[in-house]
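Pulled from Swiss-Prot:
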BINDING   K46, G53, R54, G55, E99, T102, E107  ATP binding site
BINDING   N199, D213  Mg(2+) binding site
BINDING   N264, G321, I322, V323  substrate binding site
DOMAIN    9-244  domain 'ATP-grasp'
Amino acid sequence: MNLHEYQAKQLFADYGLPVSKGFACESAQEAMSAADSIGGSQWVVKAQVHAGGRGKAGGVKLVSSKEEIKAFAEKWLGHNLVTYQTDEKGQPVNKILVESCTDIDQELYLGAVMDRGTRRIVFMASTEGGVEIEKVAEETPEKILKAVIDPLVGAQPYQARELAFALGLNSDQVKQFTKIFLGLAKLFQDLDLALLEVNPLVITKGGNLHCLDAKVVVDGNALYRQPRIRDMHDPSQEDPREAHAAKWELNYVALEGNIGCMVNGAGLAMGTMDIVKLHGGAPANFLDVGGGATKERVTEAFKIILSDDNVKAVLVNIFGGIVRCDLIADGIIGAVEEVGVKIPVVVRLEGNNAELGAKKLADSGLNIIAAESLTHAAEAVVKAAEGK
């Protein structure tokens, strides 16, 4: 689960990390009042969305008057911000962050991620702050420093000092960096994070370290024991179909094609998308109904798929193991009748009672094509989507 920048900075502040004084505002008047509370003659205003690239898209601005703050708020609040990380519709801006201006002398990068390869929290630091760290990793990987955290002993001060010395920090800055490093490590572990980034971690003209930006991603599987973090969830930043799917424990990701896919099992779902692509089609979604492909879940899955106006045909690919294919076929037939599916539906059943399931589909009288194999299913659904 992603957090907004202002939420991440609240967590940083709770752990004693240096962040700018700021307020998340929902109106232009509130934003101007925030500037008065902060004081000073310059402020930074930032549109709050779950996406990077805000600065290039005009969603971050340095302002010198309350009139500029008002204009920025009126421009973005209630509107969508489109960045290179969003789709063409962008994401809605419901709040803007108004915060104090910071004098910057140098920009660094500091982040942490749960590395599945080592099964450890891995911290990364670089002198190349303020830019996309992915580009740094690709073009100059030697500029990324790493520290692997042993889960038995936790983050250690010496690891912070090693990174700080490699970044070229002076003695006072090494102490500050160590405090930030240990604070972030504790935050990461306490709150079950999957990723955090401070980009940039700046050195001010006064020589102090300051967390100018904050990105936090929480492990969704751990939200049951993180009630405070769970309450920070902003559903407006999610695709409505994905949010609806989550309520039914369906794994759904919207894509840009015209062939809806409904599959049981994530691996089979990815393979299904691959073979559709191989035969010239374009998947409209990833949808894993899981092991319990009941009529109710299949019905909801159809509703979600058909809510996408781009979908011209649907491919259902089910492997029957414990759940018999004839029962799955009953569920598909019932779902198609209940939802009133008007577009072609291609179904491939394999496994327990697959032949009986295919016969039920063929005898249903509905616009359902029973495929004999996965290749046949892919060919059939691509032709159906093309109107052939």
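Each position is counted from 1, following the chain as shown.
Quick reminder: no glycine exception, Cβ is built from N, Cα and C everywhere.
By the criterion of other Cβ atoms within 10 Å of the residue's own Cβ, the least surrounded of the binding-site residues E99, E107, D213 is E107. Spanning the residues N264, G321, I322, V323 that the record associates with binding substrate, the maximal Cα-Cα distance equals 12 Å. The binding-site residues close to N199 (Mg(2+) binding site), defined as a CA atom within 10 A of its CA, are E107 out of G53, R54, E99, E107, G321. Reported as a whole number, the C-alpha separation between E107 (ATP binding site) and N264 (substrate binding site) equals 46 Å.
Between R54 (ATP binding site) and N264 (substrate binding site), the C-alpha separation comes to 37 Å. Each of the binding-site residues T102, N264 was assessed for Cβ neighbours inside 10 Å, and the highest tally belongs to N264. Other Cβ atoms within 10 Å of the Cβ of G321 (substrate binding site), summed over all protein chains shown, number 13.
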